[in-house]
Every structure is written in C-alpha cells, then in structure tokens.
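K.L.:
Structure incoming, see below.
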Amino acid sequence: MEEVRYSRRLILTYQLVVWGVVLLLAAVRWTRTILRERRRASLNILETDDDTEESSSSRSSTLHDALSVSAPAKDADERTPLLPRDPKSQPRKSILVYIKAILIYQPPPIPFINKTLPSNGTSLVLLAFIGLNAFYTFFRISFTIPELFVLADRCGLVFVANLPLLYLISAKNQPLRLLTGHSYEFLNIFHRRLGELLGLQVAIHAVGMIVVWYTVLGPYGLTLGQFLSRREVSLGLTALAAYQFIYLTSLGSFREKAYEVFLASHVVLQAVGLFFLYIHTPGSRVYVGIALAIFVIDRLVYRIWVKSTTAEVIASVMEDGQAVKLSAEIPLAPVTRFSRVFGKSLTYGWKAADHALICIPSLARKYIFQSHPLVISSAAPSPGANVAQLDFLIRVKEGFSLDLLNKVRKQDRLRVQLDGPYGSSLTRTMLNDSDLAILVAGGSGIAVAWPLLQYVVDLNRSDEASGVPSFALRTRKIALVWVMRKSAHVSWVGQAALDEVEGSGVDVVLPVATDDQAEPDLEAVVGDLVKRYGRGKKIGIVASGPETLTRNVRNVCAAMVWQGRDVNVRIEKSGW
C-alpha cells in the first residue's frame, strides 16, 4: 500500500527533527558559555588596566567628580532625590520576565490521585515532545476501517523509532550531558513520559491489528486463535507483554513497595522485549541494534569498567539514630587523556553536588546487583590533592537504608562498589554567576547544599587571593537555609562546621524544626534574605529536599521574577 510506504519514508525524518532540536539547544548553551567566558576575560583585562591607571587618573577623576557634583540638575526640585538611584536596583519588567516567571512556577499536585506535576517550563517541553509524536502518529491518517492497518503500522513505527532515544536518556553516561548540560537524573522525567507514550503506542498497534483481523481477515475464515498463533503476531505479543510489565513495575507506588522487582524487571524484561522485537519485524532491527548498543556501552563498558571503584568505608550511625554516614579516603590519580575523553571514576575526583551509585553486596543477597544513587556530601577535592575525603549521608527510611542501619549497628567497616561520579555543572555555573547565592535545604537535602556551600565559599576565597584590586572584587553574598524535622539533625553536619562557615561570612538560617511546629514560611525567610542582600543583584537560589519544600522555593522564586528581580533557581532532588 502506498500509505504504508509513505509511513516508512516519513518516520525517517523523526530522528532528524529530534536531533536537530537537541543540536539547536546545544548551540544556544555553548554560545552562552563562550560569551560568558569572554565577559570574564574582558573583565580581568579591565581590572588590570584600572589597577595600572588608578594613580594617574586620581586627580582628573577628583576634578570631574567635583564638577559633576556642583552642577545642578536641569529640572531639579524638592521631589528630586539628593542621591541618584542606581538603575540596576530597579526591578525590570518586560514580557520576557513574565514568561520566565510562568515557566518557573510549579503547580500543586493533581487532587485525589496526588500526582506531582513538574514546572510549567518542563511541562511545556514535554507537551511539545508529545505533540511531535502525535504528529508523526496521525499525519495523513484517515480514521476509517480500511485505514486501521495504516494507523496500527504507524504506531509500531513510532514505537521503534523512539527506542534509541528511550535508552539514551536513561543511560548514566550519555552525550546529552555534554550537549545540553543536563545529566540523566534531570532527563529521568522525559524517560518516564516517553516510556508511557511508547506503552500507549504499542497498545494501539496491538489493538489495531486485532481490529484488522476482525474486520478484514475474520470474514474470510481466519479465527482469532489462528491469527494470534502466527509467528510474527505471537512474537509481537511477547514483546508487548514484556514492555507493558516494565511500565507497570515502573509506577511510583510499585517502585516504593518492591524496588528490587523494579530493578530486575528493567534489566531482564528489556532484554526480552528487544530480542522478540528484533525477530518480530525486520524494519525494527536497526533501531533495536542501536538501543542494545547504548545499553551495553553504558552498563558494561562505563559503569562496570571505566567508572567503577571499590572502596572500604567507615560506617557510623548519627547521634539521632535516623541517618547513616559512610566515609572513605579515596587516593586520587592524575587526570589522563583517556579520562578526559571517555569519562572518569571517583579516583580522579568529583565536583560539588555530584552523586554516585553505591552497591553493598554484604548487606544481603538481594543487594548484590542493586545500586542506589547517593549524593556526595563532602567537599570536592582541591586541585593537586593526592587523597580526598568521600562522605555519604543517608537518611534512614525503609528497604536499603533500613537494612544498612541494622548492618552498621553490628559492623562499622563495609566493602562497597562505587559507580560515578555523575552530575551536572549547571547549578555550579549559576552560583558562580550570582551576586547573592541562597542554598535552601530540607532535612537530608543538606547533603546537596553543604558541598555547594563550600564550593561558593571557595569561590570567594579564590577571588580574594587572585590579586585583583579590592575595588574590582566581586562581593558574592552567601546564605544557607536549613529546615529540619528535629533539632538533633544539626549533628549531620556538626555545629562546629556551621559556626566555621558562618565565620566565613555565610548567613546561616536554621528555622524552627518542623516536628515542633508547622513548616516555616519559606517565602518570608527567602524574601527577607533577598531584601537584605539582593537589591539590584543577580540572585541564584538552589533548593534540595522533599517535593513540598522544593516546590515552595521554586514558586517563591517565580513570584520574585514576576516582580522584576533577576532570580535563577535550580532544584536538586533529595529526600528528608
């Protein structure tokens, strides 16, 4: 049929469109990066010129100042302020500012089903992607009985065309991080929505083929049993069952109750699905081969060989008995050309707010093949260091963390497998470009905020030690807001460490613990910091912790952007 041949030509353009958009976003990101570096370089040159010309220009500048002060304003009256207002301190409002505020805002969860929604910006991107797939599914399709086969076939084509992308955005090691700056944990929401979309596509494909049997083949005497027993149909149904079971075990409620089954099904059933899909139709083999190659390279080459590290950690239970700390000293190796090109393990260091996947086989047999993502709560190693302190702070809940707590009560040294580091540089870049850096942590979210806090403190110290004249130094104000359920959670970091950073100029705010009273008014807390330190400044806010806290912080930032303030926000996922 001509319609079927057209579908096969049309689907070839899908990858071109997707990767064209990705490359466009990458070009925008790298252009901004280059412009940012050029501005920094020009600022350094300007600072050097100002330093050498400072003494020679002092007399002329004094004369100029005297003349400018004595010259009265043309239309001055009693309502004119004696001191001119700094134009940078005035909020700037434009249509782009309002659009930015709307995109930052995160709606509340859907009532009754309590479904968490992402920010409006993320939702818009998701809707655009779903719309693209809807276009490729229904373009030039007439919804008639004779066209059902064309629709079912088109759904199958869209399904297999998306397989490489589905595996790519779920891979821990991927080129998308280099292109867009976003690591796999940010792309996880796109992986889940794409998985749901493909589950719908393959269901329509299967139902459409059954309707084709009923309307076209059945009247000629082909029974349903005969139709389902055909080789290509039975192979397709097996692949369908594998992918639908993967979807069911990926639901949030199922993952929380049976995480081990979720992990096992993703590894085993995806292999089953790829195998039967490869045999089901020759047209899928290129896409299946690419998806399989992505899986093998990510799992076997990178995560088991390139980025794997074995370490002995010292485990301890925190004073409140609700958290476990794992600590190890990691010998650092010099960075090689291979590690620069193909990635590096923890033995080459890590950056602030990076995380690693940890496997502790000694906990129980079921944990032999389980890896759990944990944020590195210690500071990133200094350049040139030979040994680095690696810490993980784990809030005890159920499952893995509870079994770990029980193990640590009996044994304080554990052998662990570490896979990492992983993470994005976007948060650090935002803080680097900010005049006011506010870090908001909820509970164990301090594991994310603490290394970022030390990173920004080190930035200020490096600026002061760079030899730049004092008048040209960038004064970056830092604030830490840590919301805790119990006051005893201060021991997770230590009061002495908090006092030390406070002595470095950090404004430390510890709202009343939420076990004693309702959660603090984050709008008032963050708003007070912005009023005190953020007038006319570029503000960067990072939030880490439970969903309610991060959503509140995001919406506080959206409100400030709506008012015209220059605010950027980044959310780092973590739990209590």
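Even glycines carry a Cβ here, placed using N, Cα and C.
Per TrEMBL, the features are:
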- 12-30: transmembrane segment (TRANSMEM)
- 48-88: region 'Disordered' (REGION)
- 74-88: compositional bias 'Basic and acidic residues' (COMPBIAS)
- 124-143: transmembrane segment (TRANSMEM)
- 149-169: transmembrane segment (TRANSMEM)
- 197-216: transmembrane segment (TRANSMEM)
- 236-254: transmembrane segment (TRANSMEM)
- 261-279: transmembrane segment (TRANSMEM)
- 306-428: domain 'FAD-binding FR-type' (DOMAIN)
K.L.:
Using DSSP, what's the helix, strand and coil tally for the domain 'FAD-binding FR-type' (306-428)?
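P.N.:
When I sort the residues of the domain 'FAD-binding FR-type' (306-428) into the three classes, I find 30 helix, 48 strand, 45 coil.
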K.L.:
Taking a Cβ cut-off under 8 Å, which residues six or more beyond the ends of the transmembrane segment (149-169) line up next to it in the same chain?
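P.N.:
Here the qualifying positions are 1, 3-4, 7-8, 11, 14-15, 18, 133, 136-138, 141, 143, 176, 184, 187-188, 190-191, 194-195, 197-198, 201-202, 204-209, 211-212, 216, 277, 281, 283-284, 287-288, 290-291, 294-295.
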K.L.:
For the domain 'FAD-binding FR-type' (306-428), report the average pLDDT of the model, please.
P.N.:
88
